[in-house]
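These notes concern the structure reproduced below.
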Amino acid sequence: MKGRRPSQSGKVSERSSRRQLENEQLVKKPDFLKAATLGQIFVVCTQQLGGLEDGKITKLQFRKFLMTEQICFVFNLMGLGLSVMQYDLEFEEEDEDISSWLLWIIFISTLTLLVLTVLRYQQHMNWLKSRKQISQNDKIWQTEQWYPMLIELIIYCIIPYPFTIGMRVYFYNSFQDAMAYYHVNEILALIMITRTVFIFRTILAQTFWYSNRTQRVCNLYACEGNYMFVAKSLMRTSPYTSQFIALVSLICIFGYGVRICENPLARNDPANNNLGRYANALWNIIITITTVGYGDFYTRTDLGRFVIFVVCILGIFVISVMVVTLINSLVISTLESHAITVLERIQLRQNLTQSASQVVLYSLKIFVALKKGNLSKVQLKILLIKLRKNLNDFKISRRQYRNKQDVGNMNEEITNQFSLLKSDFSEVIEKQKGLLQQNQDIMNKLGVEAKPYISCPQL
């Protein structure tokens, strides 16, 4: 028993020391409370939260990213253009030397594009790091950027190769009841059309809605300033221009795809190859994407039917968006509604005046005719019928005018109430602006670089 007492006392002392450490940690003040001034507290807090975002560095990184994006756009567009030229040469199976040179140029430009694409994603990560959205030590494979980069690299690798020139893929066509064939490079050129997605991505990145300032505003309102946000912004600010460009682009791109799919049938029967001509392929896409479908031109290969199936789905989407845009443009605004109400009142007042004048006119005619006594019963009956009709028109016009006047007064009262609320909100906003300006002055006096506040929108 005497040997166990020291061990128990040691355990008690260990427990007491552990409790003392826990209490010290609980009572321990945070680091930012050790600062002497408000400016030091602000700097310490921002360092713990990841530091302040340097606007100049962020702008520089964003410009580098845009420059890399533009260079990728040039190489991507060059590869697509050379592919279109090479397709006609290989289809005719003429000038094999020129076709081979074009394929080698496409191959070398694609290798360059692959390297530039990796640099583009790396520069995009540097931009995100400057904006403190990801850690400075993060790599591409540690973020969500690696998956879209991998898909983009795979799409860029699908090109007509100089090693596959002359290779054929045969298939049976039930329409001609004969065998036909594609060149392997023709199928690869068809798949290569998917590169146009990245061309549109670059175009969206060059707009005002995808900029460093846009990203800051989106972060302020807790929304993602991605390419979908840019598309939505363009659809809101310039809907008709955006939809027209999208529609024309889809027609040209899928028209070229249908031509590639249907052109092999010309090798068996050139006279019946309707969609082998680019103009006919464009017309087929137009009547398909607008859900008309005359049936004068139609695809006769399985690959061509698959392309038309995709066009049908996109056509439903494009036409639906166009209808919604047209309906939204025809919606009457509040001010237009007030103007229409006033004009309707003026029109009803004119109708009321005209009906009243007709009633007075026929009343005077009947009075004068009865006084002279030269009015037959038939003429009197006709005048009475016309007088009764004009009286009914007068009553209807007066009732419509009163109803419209009541509705107009009610709308004006609601508008006045909203105007009062607007003035109240404007006063509150002005007070908030004054407080924010005072905070900025305090930060400047403390020696802390304060970010300019975003002004509230005008009501």
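A Cβ is built for glycine as well, from the same backbone N, Cα and C atoms used for every other residue.
Which of 278-299, 366-387 counts as transmembrane segment depends on TrEMBL, and there it is 278-299. Taking residue pairs at least 6 apart in sequence, the transmembrane segment (306-327) and the transmembrane segment (240-258) share three or more C-beta contacts under 8 angstroms. Long-range Cβ contacts of the transmembrane segment (146-167) within its own chain (Cβ-Cβ under 8 Å, at least 6 residues beyond either end) map to 76, 79, 83, 86-87, 90, 96, 99-100, 103-104, 106-107, 110, 113-114, 117-118, 121, 140, 183-186, 188-189, 191-192, 194-195, 198. Taking Cβ pairs closer than 8 Å, the transmembrane segment (71-89) reaches residues 95-96, 98-99, 102-103, 105-106, 109-110, 112-113, 116-117, 120, 156, 159-160, 185-186, 189, 192-193, 195-196, 198-199, 202, 256, 260 in its own chain, all 6 or more past its ends.
Using DSSP to sort the residues of the domain 'Potassium channel' (275-328) gives these counts of helix, strand and coil: 39 helix, 0 strand, 15 coil. Remote same-chain residues near the transmembrane segment (101-121) are listed as 65, 68-69, 71-72, 75-76, 78-79, 82-83, 85-86, 89, 140, 145, 149, 152-153, 156-157, 159-162, 165, 185 (criterion: CB distance under 8 Å, separation of at least six residues from the stretch ends). Summed and averaged per residue, pLDDT over the domain 'Potassium channel' (275-328) gives 89.
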